[in-house]
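Q: Look at Swiss-Prot and you will find Gly81, 84-85, Thr89, 91-94, 109-117, Ala121 tagged as 5-phospho-alpha-D-ribose 1-diphosphate binding site. If you look up Swiss-Prot, you'll see Gly81, Asn112 marked as anthranilate 1 binding site, on the strength of sequence analysis. Per Swiss-Prot, the feature Mg(2+) 1 binding site maps to Ser93, Glu226. Annotation source Swiss-Prot lists anthranilate 2 binding site at Arg167, citing sequence analysis. What Swiss-Prot records for Asp225, Glu226 is Mg(2+) 2 binding site, and it gives sequence analysis as the kind of evidence.
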Amino acid sequence: MTDLKPFLAKAASREPLTRDEARAAFDILMSGQATPSQIGGFLMALRVRGESVDEIVGAVTTMRSKMLTVEAPADAIDIVGTGGDASGTYNISTLAALIVAGAGVPVAKHGNRALSSKSGAADNLSALGVNIDVGPEIISRCIAEASVGFMFAQLHHSAMRHVGPSRVELGTRTIFNLLGPLSNPAGVRRQLLGVFSPQWLVPLAEVMRDLGSECVWVVHGDGLDEITTTGITKVAALEDGKIRTFELSPADFGVSPCVLADIKGGDGVANAAALREVLGGAKNAYRDVSLANAAASLVISGKVETIRDGMKLAAHSLDSGATALALDKLIAVSNDID
């Protein structure tokens, strides 16, 4: 089917689409076969009613089928957030990814430019000297040689160009804010996935279960799409096909609580400078919150069994210089494109 109207009518009547219907509808959207009015109407109908697990699974299935893929080890992990929390923090998941890479776990980092902050992962890494405009072969080399590679979302999801203008005109969150982090081009099956609202914790864990993920922690920390050290982090963890919910506090990581202002960042250049300060030995709130996210990621990866063991390994990665070396290698390999 190449006509969105039947799906638009069903969504407008507040009736959920089946998984197959959602897959077909998003194929129409992402193939350029729907008008801007149809795209906007359809996305807002889903938003107002509330997107279902089946609709998200169907949409992700279509998005994954159209993406430019990257080869990565089977045990690779991604540390990624939906964005949209409007917090303007430092690039926590970026530093956490480098720490995890330094600890010997391959990271296939998926990200984009800033959505609601001044610096997204792409802005931050670019300011650090990483070449983010590279193809799958170079990214695979980065993962092999630096234990971390960065996949710039807009280069891997070109079909998004068909819905981009409508999303900009709508000016509000749509289902597409959720789809990117669920569509890792390297097909990772282990993720630390931050979400902008706690209402999505269990639903997204269910989505990842239905899509075949092995271990995913979906987290929301005190308003952030990250594990936080400002207060309580809520977690929905997919492990061995089962979902459990729990909470984490700064004490669980052995760090002192901070306030949001302590981890507020700036633009890509400012955040790059802050990241390099931590690599240089600075002991501050940015270090603590990044270690916390890295520690959880090391548990998810299976490298360690407990958060405290994860903190020890993450701190060793930083303090031994392994994290800095991972960044240096990422910069070198990503720029070696002759």
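Even glycines carry a Cβ here, placed using N, Cα and C.
Fair warning: this is a prediction, and the values are worked out from it, not measured in the lab.
Help me understand the surroundings of these features in the structure.
A: According to DSSP, Thr89 (5-phospho-alpha-D-ribose 1-diphosphate binding site) sits within a strand segment.
Sequence-distant neighbours of Asn112 (anthranilate 1 binding site): residues of the same chain at least 6 apart with a C-beta under 8 Å from its C-beta are Gly83, Gly120, Ala121, Ala122, Phe152, Ala153, Gln154, Gly180. Secondary structure from DSSP puts Asn112 (anthranilate 1 binding site) in coil.
Neighbours of Ser93 (5-phospho-alpha-D-ribose 1-diphosphate binding site), defined as other CB atoms within 10 A of its CB across all chains, total 28.
For Arg167 (anthranilate 2 binding site), the same-chain residues lying six or more positions away in sequence with a CB closer than 8 A to its CB are Leu43, Thr174, Phe176. Secondary structure at Arg167 (anthranilate 2 binding site), taken from DSSP and collapsed to helix, strand or coil, is helix.
For the recorded site, Glu226 (Mg(2+) 1 binding site), the DSSP three-state label reads coil.
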Q: Which ones, of the binding-site residues Ser93, His110, Arg113, have a Cα no more than 10 Å from the Cα of Glu226 (Mg(2+) 1 binding site)?
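A: Cα within 10 Å of Glu226 (Mg(2+) 1 binding site): Ser93.
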Q: Roughly how many angstrom lie between the C-alpha atoms of Asp225 (Mg(2+) 2 binding site) and Gly81 (5-phospho-alpha-D-ribose 1-diphosphate binding site)?
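A: For Asp225 (Mg(2+) 2 binding site) versus Gly81 (5-phospho-alpha-D-ribose 1-diphosphate binding site), the Cα atoms are 6 Å apart.
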Q: Taking the Cβ of Arg113 (5-phospho-alpha-D-ribose 1-diphosphate binding site) as centre, how many other Cβ atoms lie within 10 Å?
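A: Other Cβ atoms within 10 Å of Arg113 (5-phospho-alpha-D-ribose 1-diphosphate binding site): 18.
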